[in-house]
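Some features that TrEMBL has for this protein:
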type	residues	note
BINDING	ARG31, GLN32, ALA33, GLY34, ARG35, ASP80, TYR155, SER210, HIS324	substrate binding site
DOMAIN	26-35	domain 'Uroporphyrinogen decarboxylase (URO-D)'
DOMAIN	143-159	domain 'Uroporphyrinogen decarboxylase (URO-D)'
REGION	349-375	region 'Disordered'
SITE	ASP80	site 'Transition state stabilizer'
Amino acid sequence: MSSPRPGPQDSDLLRACRREPVRRTPVWFMRQAGRSLPEYRRVREGVGMLESCMRPDLVTEITLQPVRRHGVDAAIFFSDIVVPLKAVGVDLDIRPGVGPVVERPFRTWEDLDRLPALEPDHVPYVTEAVRSLVGELGATPLIGFAGAPFTLASYLVEGGPSRNHEATKAMMWGAPDLWHALLERLAGISAAFLRVQVEAGASAVQLFDSWAGALGAADYARSVAPHSARVLAEVGGLGVPRIHFGVGTGELLRLMGEAGADVVGVDFRVPLDEAARRVGPDRALQGNLDPAVVFAPWEAVEAQVRAVLDAARGLPGHVFNLGHGVLPTSDPDVLTRVVELVHELTEGGPAVPVTGRTAEPALPGGARPGVPGSR
Ligand SMILES: Cc1c2[nH]c(c1CCC(=O)O)Cc1[nH]c(c(CCC(=O)O)c1C)Cc1[nH]c(c(CCC(=O)O)c1C)Cc1[nH]c(c(C)c1CCC(=O)O)C2
């Protein structure tokens, strides 16, 4: 009897998400597919960002590029958080060096009419690209993603990128009924976008609430978390792990886990052992090398990678990543070396002692003082 070839389900990424033992710590990078790669810039020449997201041949190629080059443990689907909004008819563009720009910002009840539900027929190119990718990737898992309702709302209400999110917050506090109606629509669109990707073969999903860190915990809990929870609950029924990430969310980590994540993404501001105390033992963590670290000399990069792995020791599940996306001017060769180093240092399981730290006595069995649950 021939046993089936191991697939993504057996990969270290999915094992870590499920808090099962891994062969070595899985690693991938947010924004690994994109501007830091010369081969990306070549295939994007003369093709607009949104247009490239609608061409399955380009999506497939760009998604595979970092997997080939870096040997990462997962692919992230090449698209953008605003693609589903564009697909249902919102008049928006992604401007180079700026980001998503919405022609007419959303401010009134009438504006909700411009946000119909997302149907799979709106994004046939997503289904086609995911199917082709899953074939090409074999045992390497594909991570699907969507923007969370708050982060999407920020682009729609502000009309583009925003430092202070003032119009968004004004609606949240000043017109709560409209706010909740808007976030409900967006939750439906996010969930539908994730469902399309999972039904076509994605093995895990990440919900990006990149700008949630602009909110205090009380506002997040009251005005945002219930909508993200709905997205995560709908995907939960599809049986794939859910990663929930935001920037500057140190004060929100517990709430982001409780919203229904299997894995909480941590930015570079909170060390993973402290993040684990905030999140609790029932979820894995993803993170959290500062994306600027790759600009330092290699010795410093290596020390920072070791520090992340050290802080992650004893966690029930750890997916190594940056604390935010790859910066466009990063040297791709340094990223490849980071992948190799994480693999080398965690070969045989991440509990292997990390050498080269300033002397901190190891306890019998490899446990370290001060790290609860460390082995
Ligand atoms: C906030 C957000 C957006 N898009 C996304 C987020 C959440 C992640 C995060 O917090 O960084 C998510 C995203 N955007 C893109 C991906 C592809 C997959 C990957 O991570 O490699 C993913 C996962 C491609 C992209 N999305 C974008 C690019 C650059 C476009 C280009 O190459 O011209 C890429 C590769 C454009 C975009 N789209 C957005 C921004 C802020 C930008 C950058 C604007 C700029 O500085 O040029 C909105």
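Every residue gets a Cβ built from N, Cα and C, even glycine.
Taken as a whole, the domain 'Uroporphyrinogen decarboxylase (URO-D)' (143-159) shows an average pLDDT of 98 in this prediction. Across the residues the record lists as binding substrate (ARG31, GLN32, ALA33, GLY34, ARG35, ASP80, TYR155, SER210, HIS324), the two Cα atoms farthest apart are 23 Å from each other. Classification of ARG35 (substrate binding site) by DSSP places it in coil, neither helical nor stranded.
Around HIS324 (substrate binding site), the same-chain residues six or more apart in sequence whose CB sits under 8 Å from its CB are MET30, VAL247, ASP267, PHE268, PRO291, listed in sequence order.
Under DSSP, residues within the domain 'Uroporphyrinogen decarboxylase (URO-D)' (143-159) fall into helix, strand and coil as 10 helix, 5 strand, 2 coil.
Reported as a whole number, the C-alpha separation between ALA33 (substrate binding site) and ASP80 (site 'Transition state stabilizer') equals 11 Å. Counting every protein chain shown, the number of other Cβ atoms lying within 10 Å of the Cβ of ARG31 (substrate binding site) is 17.
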